[in-house]
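Asks: From TrEMBL, for reference:
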type	residues	note
COMPBIAS	9-25	compositional bias 'Basic and acidic residues'
COMPBIAS	121-135	compositional bias 'Acidic residues'
DOMAIN	45-112	domain 'Histone-binding protein RBBP4-like N-terminal'
REGION	1-42	region 'Disordered'
REGION	110-138	region 'Disordered'
REPEAT	256-291	repeat 'WD'
REPEAT	303-337	repeat 'WD'
REPEAT	348-382	repeat 'WD'
């Protein structure tokens, strides 16, 4: 393991629970494993999870896989670290048939930390451990409503006291669903049973827009103007939604024009009401201002931000930085004060396949996470510098060429799609993949 500025940098995965060390059946020494660096796993080798690298680690399945989800802010308090944790997710499925899809609220609770390593103990202590294990089992409740068509993306916002979800459907519609009832019934088993029996089938979106003329993925609620929404499609168009009284929206039929291929992601500025960023399969990143007419609203462009599609972007809420990830596997940091230069201030290349999700840490300004089609989740810290007194790289020279800012590599998922930091539980990451949801906090963040 390599140490960075006093933090442990480790690699991590599971098989259902593997880690970043490889073990052979001949009981040879464990070695750190990183995809794309060093030889691949050989016959008889398996990945074994280093549980000491995690403060908390849980997995959950929902039947059909979810391509996208969002974390629902709750009233349980901010900056909470005391275990066990409770959290709420809103997710949408990608089922095999259109009519089998669901929009759902997940309530995950009784999430305890990882167990200490086993020790020699008496029979009485073993019985106590078994009782504790039963009491500490994680719990999951699901409140679901039917949705015709696979759900490409889900983003949640609060309109005053009303939680809503914006949903991009593979059928080409963008819908808004009210979430209050789902969040109520997921707290009470009897209310949940009654809802699933009597109300589930009748739940419909409170608003729908079919003007995109095709499906899309890009969607973002304004963090500064409640109800203001942007949606972008695979036909290169971006539409602005403005909230109206009575729970409806005016969607400007004039799209923001500039991209030449699919709009992949959108991010509102966290500091300016009218400014947003977009990225596209045309390899560009653009900055827009909605005060201009849509045909002239593009203010800044980096035409070749990546070597190929730019899949995802994240706008830092604490620094003037934009983070991007592309099909080239690169992660790039853009200083918006120097955006006209067309050059990122930093580029990191740890992923060996397209980047599928990126997000800045909500509290720690230099920390971000990324996921890739190589089934890696990476955690980074721009403030980290190599500790000259750390001797781990001498013990494992295979780690010597890793970027200094790389804190942690998590593996073991299948077809990773999206990740989010929990805004109220520092350091807690949630990801979705074909293999299900993973909820974890590492020792590094």
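Numbering starts at 1 and runs along the chain as it is shown here.
Cβ coordinates are placed from backbone N, Cα and C, and glycine is handled just like the others.
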Asks: Given a Cβ distance threshold of under 8 angstroms, which distant residues of the chain, six or more beyond its ends, lie next to the repeat 'WD' (303-337)?
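Replies: Distant contacts of the repeat 'WD' (303-337): 223, 264-270, 277-281, 283-285, 287, 344-360, 362, 365-366, 368, 370, 372, 374, 378, 380, 382.
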Asks: From the DSSP assignment alone, can you count helix, strand and coil residues within the repeat 'WD' (256-291)?
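Replies: Helix (H, G, I), strand (E, B), coil: 0 helix, 18 strand, 18 coil.
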Asks: Going by DSSP, how much of the repeat 'WD' (348-382) is helix, how much is strand and how much is coil, in residues?
Replies: 0 helix, 18 strand, 17 coil
Asks: Averaged over the repeat 'WD' (348-382), what pLDDT does the prediction give?
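Replies: Averaged over the repeat 'WD' (348-382), the predicted model reaches a pLDDT of 97.
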Asks: Per DSSP, how many helix, strand and coil residues does the domain 'Histone-binding protein RBBP4-like N-terminal' (45-112) have?
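Replies: Reading the DSSP string over the domain 'Histone-binding protein RBBP4-like N-terminal' (45-112) gives 6 helix, 36 strand, 26 coil.
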